[in-house]
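**Student:** What follows is a structure written as structure tokens; I'll ask about it next.
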Amino acid sequence: MPAYRSRTTTHGRNMAGARGLWRATGMKDSDFGKPIIAVVNSFTQFVPGHVHLKDLGQLVAREIEAAGGVAKEFNTIAVDDGIAMGHDGMLYSLPSRELIADSVEYMVNAHCADAMVCISNCDKITPGMLMASLRLNIPTVFVSGGPMEAGKVVLHGKQHALDLVDAMVAAADDKISDEDVKVIERSACPTCGSCSGMFTANSMNCLTEALGLSLPGNGSTLATHADRKRLFVEAGHLIVDLARRYYEQDDVKALPRTIASKQAFENAMALDIAMGGSTNTVLHILAAAHEGEVDFTMADIDALSRRVPCLSKVAPAKSDVHMEDVHRAGGIMSILGELDKGGLLNRDCPTVHAETLGDAIDRWDITRTTSDTVRDFYRAAPGGIPTQVAFSQEARWDELDTDRQNGVIRSVEHPFSKDGGLAVLKGNLAVDGCIVKTAGVDESILKFSGPARVFESQDASVKAILANEIKAGDVVVIRYEGPKGGPGMQEMLYPTSYLKSKGLGKACALITDGRFSGGTSGLSIGHVSPEAANGGTIGLVREGDIIDIDIPNRTISLRVGEAELAARRAEQDARGWRPTEVRKRNVTTALKAYAAFATSADRGAVRDLDAR
């Protein structure tokens with residue numbers, strides 16, 4: 001029987017000093033021997049997805065203590081990718097994932113916590129905490145802050161649903177007036193919560209449901225809705241039960257590595273492909289699998305992408321559909337339910353809240369449940385009132401969206417497309433693979449060939465796009481923006497948004513060893529591996545080279561002969577794999593430390609301590 005980890009600091013004569021310090025935090029004699037649960041919060045006033053989390057940590061703590069545990073809260077950092085976008089701040093976003101994972105490990109191991117509740121929400125926070133949970137392998141429940149309500153605005157007599165990306169695109173569109181841009185800006189992000197589309201934050205919070213590490217509704221219940229409070233309350237009680245199951249009954253099904261098995265990762269990736277999740281999720285899923293010592297690779301993702309159809313399209317792929325609409329259609333459990341009906345899911349994986357994922361789907365899928373409580377839960381609607389307060393409204397939809405032929409969630413028999421929402425491409429330009437969000441690609445450009453327009457940085461590409469130097473048919477190549485070359489693997493939301501604003505969203509391609517925001521749409525191919533800084537072929541592309549992209553056949557090729565590529569490689573080896581232009585970029589010691597150990601995207605951009 002495993003001993004409670006916390007006994008290291010709470011039992012024995014030699015721990016008198018430690019107990020004295022615990023007492024100074026409020027613990028009493030009766031608390032020693034109870035499971036000590038870390039409440040890992042990520043409250044910050046910098047990030048709208050986290051502004052409402054301040055009191056939620058203590059809400060969970062109270063429920064933990066009511067259930068017989070001892071709760072101790074601490075905070076991690078949280079970077080807002082939208083605010084950090086378009087300047088050197090974006091260099092810090094992906095590295096913050098590792099910093100978050102490390103800080104959770106430091107706090108939990110230093111104080112010998114027995115289990116943890118992870119209160120996350122936005123882009124790198126959920127992945128960082130997920131990596132930590134699999135690294136530590138102690139009982140863990142995830143509960144996120146929830147999605148933002150979609151913005152609503154009336155322009156020229158017509159109502160539009162909005163999100164952050166709409167504001168960025170409008171600002172770069174010369175045809176939209178300053179006044180309309182101001183209206184869109186003020187309406188795009190009306191409430192607290194993670195940005196309202198199927199961007200990275202919401203994608204990752206949805207995937208925790210498929211992995212079995214969070215409660216049903218975690219990915220889709222609005223941050224503002226009173227129903228979301230139940231998730232926090234239940235998480236507090238559930239984590240104490242999981243801790244007791246493991247430490248007192250030796251039940252390994254309470255541990256993250258048992259729950260998040262290879263089969264669970266296959267479920268999560270199947271969901272990601274079916275819902276057209278952010279391409280960033282591929283990075284994070286690979287990194288989490290690495291931490292859990294799960295043999296899950298790009299090859300597994302490629303295999304899944306060839307057989308899992310696209311069952312849902314949400315902004316940015318479908319601009320008028322947001323997370324509130326996914327929830328009304330039954331949320332993640334209903335997408336999983338459709339995958340289950342199609343034989344595309346592993347039903348037997350355990351979860352933190354049900355014996356198996358199959359049991360959970362049978363109860364929580366609105367098309368098969370017999371529970372009025374479950375159906376009412378998914379009727380939770382946006383309140384339509386700007387606020388930064390959690391659980392502040394109780395609006396309900398009159399009806400659920402159960403239309404599986406034409407609704408927000410489709411059946412396997414009536415998919416948006418038979419090919420899934422994400423695809424892995426390979427070829428001489430990306431020997432180890434690259435990723436495209438096919439759910440956001442217009443059917444007319446699934447096969448595309450064009451001349452390369454080569455840029456050594458995101459900034460240089462943006463200047464060219466805004467100066468109207470990019471023409472229909474071009475392939476924009478942005479390199480030396482990978483994990484090592486950036487460093488930090490910046491998101492390319494501004495280049496893709498500006499292409500869209502220039503009317504080139506369906507007329508150009510963009511290829512990079514960097515990555516894309518979950519808000520990106522169009523023929524945007526990222527994570528090219530190996531990256532340029534690691535000797536990848538993308539570093540050999542020259543202005544005017546023809547690049548061929550074939551999504552149906554999963555290929556991406558540089559139309560240059562092997563002899564010429566060999567000559568270019570020898571030349572590049574001699575000069576070093578670095579940008580040909582000097583970049584005005586402040587690469588600090590912290591970023592240099594990250595770059596020293598960063599791997600390319602096909603490995604999840606994890607650190608390789610044997611790399612030096």
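Each Cβ is built from the backbone N, Cα and C atoms, and glycine gets one as well.
According to Swiss-Prot, the Mg(2+) binding site annotation covers Asp81, Asp123, Lys124, Glu491, on the basis of sequence analysis. The [2Fe-2S] cluster binding site feature in Swiss-Prot is assigned to Cys122, Cys195; the stated evidence is sequence analysis. Marked as N6-carboxylysine by Swiss-Prot on the basis of sequence analysis: Lys124. Under the heading active site, proton acceptor, Swiss-Prot lists Ser517, citing sequence analysis as support.
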**Student:** Quick one: of Cys122, Cys195, Ser517, which recorded positions lie within 10 angstroms of Glu491 (Mg(2+) binding site), measuring between C-alpha atoms? Sequence order, please.
**Tutor:** Ser517
**Student:** How many Å lie between the Cα of Cys122 ([2Fe-2S] cluster binding site) and the Cα of Ser517 (active site, proton acceptor)?
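**Tutor:** Cα of Cys122 ([2Fe-2S] cluster binding site) to Cα of Ser517 (active site, proton acceptor) measures 12 Å after rounding.
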**Student:** If one measures from the C-alpha of Cys195 ([2Fe-2S] cluster binding site) to the C-alpha of Asp123 (Mg(2+) binding site), what distance in angstrom results, rounded to a whole number?
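**Tutor:** Taking the Cα atoms only, Cys195 ([2Fe-2S] cluster binding site) lies 10 Å from Asp123 (Mg(2+) binding site).
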**Student:** Whose Cβ lies within 8 Å of the mean position of the Cβ atoms of Asp81, Asp123, Lys124, Glu491, the Mg(2+) site, other than those residues?
**Tutor:** Val79, Ala84, Met90, Ser93, Leu94, Cys122, Thr200, Ala201, Asn280, Ser517
**Student:** Measure from the Cβ of Ser517 (active site, proton acceptor) and count the other Cβ atoms within 10 Å, all protein chains considered.
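**Tutor:** So the number of other Cβ atoms within 10 Å of Ser517 (active site, proton acceptor) is 30.
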**Student:** Pop the Cα-Cα gap between the residue listed as 'active site, proton acceptor' and Lys124 (Mg(2+) binding site) into the table, whole Å please.
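**Tutor:** Just about 12 Å between their Cα atoms.
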**Student:** Determine, to the nearest whole angstrom, how far the Cα atom of Ser517 (active site, proton acceptor) is from the Cα atom of Asp81 (Mg(2+) binding site).
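**Tutor:** One finds 8 Å between the Cα atoms of these residues.
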**Student:** Check the DSSP secondary structure of Glu491 (Mg(2+) binding site), expressed as helix, strand or coil.
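**Tutor:** In three-state terms, Glu491 (Mg(2+) binding site) counts as strand.
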